[in-house]
Amino acid sequence: MTELSGLFVEKPQSTIAIKGKDITFVAKVDSSTLLRKPALKWLKGKWLDLGSKAGKHLQFKESYDRDSKIYTYEMKIVKVVDGDAGGYRCEVTAKDKCDSCTFDITVEASQEDQKANILEAFKRSGEAGEDEGELDFSGLLKKREKKQEEPKEEVDVWSILKKAKPCDYEKIAFQYGITDLRGMLKRLKKMKVEPKKCDAFLKKLEAAYSVDKGKKIQLTVEVANPDAQIKWLKNGTEIKPSAKYVFESVGNKRKLTINKCTLADDAAYECVIGEDKSFTEVFVKEPPVTITKLLDDLHVVVEDKVEFEVEVSEEGANVKWMKDGVELARDGKYRFKKDGKKHWLIINEASKEDIGMYYVFTNGGESKAELEVEDKELEVLQSIADLTVKAAEQAIFKCEVSDEKVTGKWYKDGVEVKASNRIKMVHIGRIHKLTIDDVKAEDAGDYTFVPDGYALSLSAKLNFLEIKIDYVPRQDPPKIHLDTTGSMVNKNTIIVVAGNKLRLDVEISGEPAPTVCWTKGDNVITETEGRVRVDNRKTLSSFVIEGAERGDEGRYTITVTNPAGEDKAELFIKVVDVPDPPEGVKCMGVGEDTATIIWEPPKFDGGSPIKGYLMERKKVGSSRWTKLNFDIYESTSYEAKKMIEGVLYEMRVFAVNGIGVSQPSCSSKPFMPIAPTSEPTRLTVDDVMDSACMLKWRPPDKIGAGGIDGYIIEYRKEGDTEWIQANSEPVEKNSYTVRGLPTGEKMEFRVMAVNIAGRSPPAVMAQPVTIREIIEQPHIRLPRHLRTKYVRKVGEKINLVIPFQGKPRPVVNWFKDDEPLDPKKVSVRTTEVDTILFIRSAERDHSGTYTLSVQIENMEDKASFEIRVVEKPGPPLAVRVTDVWGFNAALEWKPPKDNGNSDISGYIIQKADKKTKEWFMVYEHNRRPNCTVSDLVMGNEYVFRIFSENICGLSDEAGLSKNTAVIAKTGLAYNRPPYKEKDLNTSPKFTQPLQDRSVIAGYSTAISCSVRGRPKPKIIWMKNKTIIGEDPKYLMQNNQGVLTLHIRKPSLFDGGNYSCKAVNELGEDVVECKLEVRALAVEKENKK
């Protein structure tokens, strides 16, 4: 829980600012008592975070003094405006501490600004845009304190408003103290005030408009001059045409259409022609939020996690959770969660107190569900046993139960046992111990352990054996019990994060109690107070470091000694921290909208390997840094993209390790992106013919913002100086065939990329090309996976692509087992460079040796490979029991008749006794056709089954043993009493009735109830005692006895009495409810 404490050394003070001037506020925070850097926020009002509004108007600065350990935070407001007036809050937090302070800004206008339009006070705060920020009326309120006069009772304000222009409404409301401007406009609309016409407007805007959220609205005026230029303003700011705001001009009419209205569109609008203006107000209404997925009843046991889930019609909607009529609050017991349209109520550990009915409410619906919680059964894993001990010995009673959270009490002869120096009671996890040291004769008796909250007890007897012995003082050598779990990454090495607390508890033993000594190197640590201290007790030594620092890293030794001996252990404490900032950030190259940045790793990695880096950039002269990557980047060079050509930029880099993010590096020197050009790459000859040559290449390494429009190819004879263009228009592909070349001549080629900036430098062939036909010997390039046996399962698809080479185009032939391939069974498709063998569904007869022949004239190349199609094997044959002795049985069988065209890899043997007929595994992957089954139960008769196994898996059927193995038993036979089956049939009974509801017309609703009965009853829904048939307006659902009737967009005629009847052969039951459908208030007003 965060502790409220005084962290501020200097707080910002309330002040009066002059409009148009700059003002700065300063806050100082003392960090000498803090383990981490504090976080400070500047807030306006209750919730508006000014950090997101940083820019030209709001500027923030932070500095740190290492000597005084004081952080200084500054907020500067450039050219104060009326919207900056109001209440502000400065809040600082640091792990478990926080502090805050408030201050006010009063804005006073200069003498020339006293006559400013009152509408300026209604502008939205912030700089993000006209649709964002909060409506800030504070500037208006400050002026009201100076100018407001008490209205006289005899003045009729509404008469004044009826005669005034719409542009004067705000002034009149301000003068006579009317704060509800929206209600004023609505009332004026109902009073049907006749608008006063002006020269510029033939018809002005209505006083107010209303629109549903998500719909569109159109504002229309008529102007006297069709050629007049108009402006549309929103809250005093001019609106620009966009997909959101559409301007239309038809004759004398001017229209503004607002598409997909949101709550940000709820504002004041005006149309301006010269000096004339027409005002209006737009109100955006939100539809009611309905519940689309109802709550389900839950049945859990104590300490189980409970999650109620509900889904609503709108994302981000607010819901209210209640239990038995009491609203639930967010505390340690209840947790609320939401994701989109889904909402959850979570109870981490259910108890009996949580039983009840839970409700969820929205502004357009509700749902409820019942939670039932049952006690958790306790299981005894180990009971206590009787003990016989001698005098002065130790007696330990020990038991184990299934729940580690269960507590209990120990009793001796019915009297509760109390802990003392000699008697100790320990509860560790599921184990409960009672230890009695130095047993005496009076300790003998009956001991009982009783778990709290359970009707259960465990008893045992302590017998005392009295023997006279001579006392010998006990001496045990000291021993260090070092726990190597927790923060130890390996044996005796502990890692701690800088600034965190390290507490190392080491258990020690020995008699008499040993002496403990902690050392670091040659220095002995004896302090019991301070940042580094030691706390020693009889059986425990604690080593504590408060706020670990880099200097605390090293090898520590703990030594324990007593008269019986000495023990020693070494520990290495490693302190890790965030790394130092990277160094040497600089720009190595630029492109049209890119830049390549390199840097050096930090000198100190914080004791943890560097995971990567985060980069930021900004324009020179700006104070806002932009993140370039959100995922950690591992390299020390980065290509920044999406920059503007001709603009100066700066870069900085953060280092990231397993502990956190470093401070930013020093900014790089300013650099400017400029578009370089480069030639195409990898220009090669793809093919040569008698009078043509095919070229191919790769795109340029660097492409400007204009992209590539195509490529120009040029050629010339070897020794000529003039290049001839091969293509009249640029080609878009990365290959081209130059035709009409002289046969036998040596030709040179070059390629250039073309875009809006012109041609790139050419990519030239290294050597000239002789134009003549090339005969290439056929060669098959058999894929690696076909060089061994190719195995596929029955029913799988076979698609083999085998490339080959050869010029001119070779003749391809396929053979299977030295016979031509049957095209009805196997499909073959051949191109100039490869051939494809395709089998849609493999079968066993597709197995065999396939041969591919590629031939050019008298030259030929062949390649063969084997395809084997396999399936599951058949069951083993002749399974029988050959011998039975003791608790063992010997089995033998024969291999399956069909091995599935694959070797048998093993057998699965299972057994079952004829009483339960449940099969249990005996052996897996048994390779031999025989086995011996052991550990059979005496008195049972067993049967066996065996599955064959190959590469495809187990056989579908098993081979059953023809005979059984009877394990004989001696003694009396037990006659089981006959089992009487309980009759569970019941007549229908409604466990949850229908509830009366009142809904709004046009919004879908649902009514629910729950019923139980066996056999499953038939459900009949009725309205006004008339059965509801297959009407698409109604949807009836039955989910495990929860019955729901959904009514789609009910009208006023859908109201009435609804009933649900459940009928089976044992009886019937009926529940009823009343549904009232109400019309919307807007519809009622329109009817009036």
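Cβ coordinates come from backbone N, Cα and C, glycine included.
If you check TrEMBL, you get these features:
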{"type": "DOMAIN", "residues": "195-290", "note": "domain 'Ig-like'"}
{"type": "DOMAIN", "residues": "376-448", "note": "domain 'Ig-like'"}
{"type": "DOMAIN", "residues": "478-572", "note": "domain 'Ig-like'"}
{"type": "DOMAIN", "residues": "581-677", "note": "domain 'Fibronectin type-III'"}
{"type": "DOMAIN", "residues": "679-774", "note": "domain 'Fibronectin type-III'"}
{"type": "DOMAIN", "residues": "778-866", "note": "domain 'Ig-like'"}
{"type": "DOMAIN", "residues": "875-970", "note": "domain 'Fibronectin type-III'"}
{"type": "DOMAIN", "residues": "988-1078", "note": "domain 'Ig-like'"}
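DSSP places the residues of the domain 'Fibronectin type-III' (581-677) in helix, strand and coil in these numbers: 0 helix, 42 strand, 55 coil. Residues belonging to the domain 'Ig-like' (376-448) score a mean pLDDT of 86 in the model. DSSP labels the residues of the domain 'Ig-like' (778-866) in these numbers: 6 helix, 52 strand, 31 coil.
For the domain 'Fibronectin type-III' (679-774), DSSP puts the residue distribution at 0 helix, 47 strand, 49 coil. For the domain 'Ig-like' (376-448), the DSSP-based tally of helix, strand and coil residues reads 3 helix, 37 strand, 33 coil.
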